C-alpha cells in the first residue's frame with residue numbers, strides 16, 4: 001500500500017462504499033472488487049481528489065438540471081450512461097425525463113395554439129373573401145371597400161399597446177412607446193422624408209394589392225382567386241433570389257414552376273374568355289404586388305419587431321385616410337362607385353370585411369409569437385378548399401378536371417415553398433437516427449483493465465459529449 005496507513009485505507013474504503021450507495025458511482029468500488037491495487041499513495045490520493053471533484057460537479061448539475069438546455073442534458077446524460085454504468089444512467093435518466101416532459105409540454109402547447117391559429121387564419125381569410133363577394137352584390141365599389149378596410153389599420157398600434165400593457169413588466173406611456181418604436185425608421189424617427197420615401201410606397205403597394213384582389217372577385221369565383229393568390233409565395237422566392245440574393249433551392253424553383261403552370265391551367269379551364277382572363281390577370285397582379293411589398297420591406301426596412309410592425313401598419317392606415325379619401329369622393333360624384341344614401345350602404349358587410357381582414361393581418365403579423373410560422377401559412381392555403389365548398393353551394397361553378405388539377409398543383413407548390421432551407425439535411429439526419437435505432441446495441445465490455453486506463457476512457461467520453 002506504499003505509505004498509506006491502514007486507518008487511511010479503511011476510511012477511503014468506507015467512504016467509497018458510502019458514495020457508491022449515494023451517488024451510484026462504481027469507479028473506486030470496481031477497482032477494489034477486482035483487486036486492483038495502487039502501488040503509490042500519491043496515485044490513490046490523486047484518484048480520490050478526482051473522484052471528489054466529479055461528485056461535486058454531479059451534485060451541482062443535479063441542482064441546476066432543470067435550468068439547463070435540453071441538448072446539454074441529453075448529451076451529458078448519454079455520456080454519463082456510457083461512463084458510469086446503470087446507477088448514473090438512472091439518475092441522468094430521471095433528469096432527462098423531467099426536462100423532456102417540460103420541453104414536450106411546451107411543444108404540445110405551441111402545437112395546440114398552432115391548430116387554433118390555422119383555423120382562425122383560414123376562417124378570417126375565407127370569410128373576408130366571401131363577404132366581399134356578397135358586398136359587391138349590393139354595393140359594387142372595390143376601391144371604396146379597399147379604402148375603408150385599409151383605414152382600419154389605424155387600430156394596429158392601439159391594440160398592440162393594450163397587449164403590451166398586459167404582458168410587459170414595463171409601463172411606458174403611449175407617447176414613450178411610440179417614440180421608441182419610431183427608432184425603426186432611423187435615428188431621426190419618423191420625418192417627412194422618411195414618410196414619403198419609406199412609408200408611402202408601401203402604402204400604395206398595400207392599396208394596390210387589396211384593390212386588384214377585390215377587382216378579381218368581381219370577375220371570377222372566389223376559389224380561383226384564393227388559389228391564384230397563393231402564387232405570391234412563389235413570387236416572393238423569385239424576387240428574393242434576384243433582389244436579396246437569397247439561397248438558391250431547387251425545390252422552390254420547382255414550386256414556382258408549378259405555380260405558373262397552375263395559372264396557365266386555370267386560364268385554360270374557362271376557355272380563355274375575356275372575362276376570366278381579366279380576373280386572372282387582376283389576381284396575379286395582386287399576388288405580384290404583395291410579393292413586391294414583402295421583398296422591398298425586407299430590403300429597405302429590414303426585420304421589424306412587433307411594436308414597430310404595428311406602428312408601421314397604423315401609419316399606413318392613417319396615411320390612407322388622410323391622403324386617399326379624395327378618391328372615393330371623386331368616384332362618388334362621377335357615379336363610378338355611387339350610392340343613394342349612407343343608410344342604404346351594407347354596413348354589416350363592409351364592417352365584416354374590414355374586421356376579418358384586420359383579424360387576418362393581426363394573426364399573420366403577430367401569430368408567430370405563440371406558434372410556428374409554417375402553421376400560419378398553412379391556414380392561408382387551407383382557405384382554398386373552404387372557398388371551394390362555399391362556392392359549390394352558393395354559386396354556379398363547374399369543377400372540371402383541369403380546374404381541379406390547377407388548384408391542386410398551385411397548393412402543392414405553396415406547400416413546397418414552406419419547406420425549410422435545410423430540409424434535405426433534416427431528412428438525412430432523420431434517416432441516420434432511424435438506422436442507428438435499428439442496429440442492435442452492443443453490450444458494454446467488462447474487462448479487467450487498469451484503473452488508470454478506465455479513467456482515461458471516461459474523460460474522453462465526457463469531452464466528446466460535452467460539445
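Using the three backbone atoms N, Cα and C, a Cβ is placed for every residue, glycine included.
TrEMBL labels come from automatic prediction, so no person has curated them.
According to TrEMBL, the feature transmembrane segment maps to residues 370-390, out of the candidate ranges 370-390, 433-453. Of the listed segments 147-166, 167-186, TrEMBL assigns transmembrane segment to 147-166. As annotated in TrEMBL, transmembrane segment covers the listed stretch 225-244 rather than the other ranges in 85-104, 225-244. The transmembrane segment annotation in TrEMBL falls on one of the ranges 111-127, 128-144, namely 111-127. Counted over residue pairs separated by six or more positions, the transmembrane segment (195-213) shares fewer than 3 Cβ pairs under 8 angstroms with the transmembrane segment (370-390), which leaves the two as not touching. Counting C-beta pairs under 8 angstroms (sequence separation of 6 or more), the transmembrane segment (370-390) fails to reach the transmembrane segment (275-297), with fewer than 3 such pairs.
Counting residues 6+ beyond its ends, the transmembrane segment (402-419) has Cβ neighbours under 8 Å at 223-224, 227-228, 230-231, 233-234, 237, 251-252, 254-259, 261-263, 265-266, 268-269, 374, 377-378, 380-381, 384, 388 in the same chain.
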